Amino acid sequence: MPSPPSPSTFPSDPEDSVTRSRLAPGAGIVTVPGAAPVLRTSGGEFLRIDTGGVTGEALVRRLAGGEPSGEEPQTAELARLVEAFEAGGHAVSAPPRAPLTGRTVHVLGDPVLTGPVARCAGAEGAEVRPITPDQVAELARAAPEHSRPEERVAVVWCLDSPVPEGLWDAADRLPDRRIAWLRCHREGSHSWTEPLAAVPADVTSRHVRLRRLAATPAHRELAAYWAGHRTPDTGPHPTEASAALIAALLTADLIAWAEAEAEAEAEAEAEAAGAGAGVGVGVTGRQSAGLPARRRLRRIDLRDLTFTEHPVLPVPDVAPLPAPAPAGTRSRSGAAEARS
């Protein structure tokens, strides 16, 4: 693991370091018989530990919360080693906050889905509140100066049906107010979770519809299905298991949004702190596998609880087509050009 920082960066009393931190959640020390101890990181990597003059047993007792033995004094070298663990994020002085702490999540839609979503988001630290479609429209209409990014608000709308035309038009404007916008709906035996949109350049429900129409040869039929030209719904409706899966996937998207915001804030603070000294500072967060959360469309099969992920991009605005000129005007202008 990286060399520990210089002693000047540590508390003057080694005991201050020795009493404050333990292994981070997910991290552990593997004691290989006949070899030096190895760190297993929360991400599953194995890193060799250069313990220097500290015994492996002393390090394990210290970071696992055990009592030191009488013949093992708490040395400055052990304190520096613990500080190196802290600097790498492998030891913490307090339990980490839940990932959605400080976020307000407004939930609306069909109870079979909103209930599990509210429970999952609340369990991850969010303050969950109900909201109505009219209140969503009010949020989207709020003047930009009335939008406070520090509130860190998200709206999650869950439907156990296709989306009626126009229902999500107002909510698609939420990212313009820096309000995160996340949604899901069901079409027959498939539920769709659409990408979370947090800024104006993100993917809205309108973009998803346009992309899906462009991707299928049955675009006329799909448009008619969305418009309500279909037989009555025959399900299947979400079961407790499939609703839990959908709620977990939506909560994962909320966590990805919260972590991206926190990382951006930390990077801005680090750059501001290093600007005076002319030092460039980089902040690297946990890299998730698969597609980015804000460019990922999921299709969940309610029959077997499997899902697939599909990349989706926003649809850029284009200039409207010019209005067609009256037929007589075109012919007269052509005749004038011919005479000239």
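Every residue, even glycine, has its Cβ placed from backbone N, Cα and C.
Remember, predicted model here, so these are calculated numbers, not experimental data.
Positions annotated as region 'Disordered' by TrEMBL: 1-20 (among others).
The feature region 'Disordered' is assigned by TrEMBL to 267-290 (among others).
Residues annotated as compositional bias 'Pro residues' in TrEMBL: 313-325. Here the compositional bias 'Pro residues' (313-325) is broken down by DSSP into helix, strand and coil counts: 0 helix, 0 strand, 13 coil.
What TrEMBL records for 313-340 (among others) is region 'Disordered'.
Among residues of the same chain six or more beyond the compositional bias 'Pro residues' (313-325), those with a C-beta under 8 A of the stretch's C-beta atoms are 201-204, 206-207, 210-211, 295.
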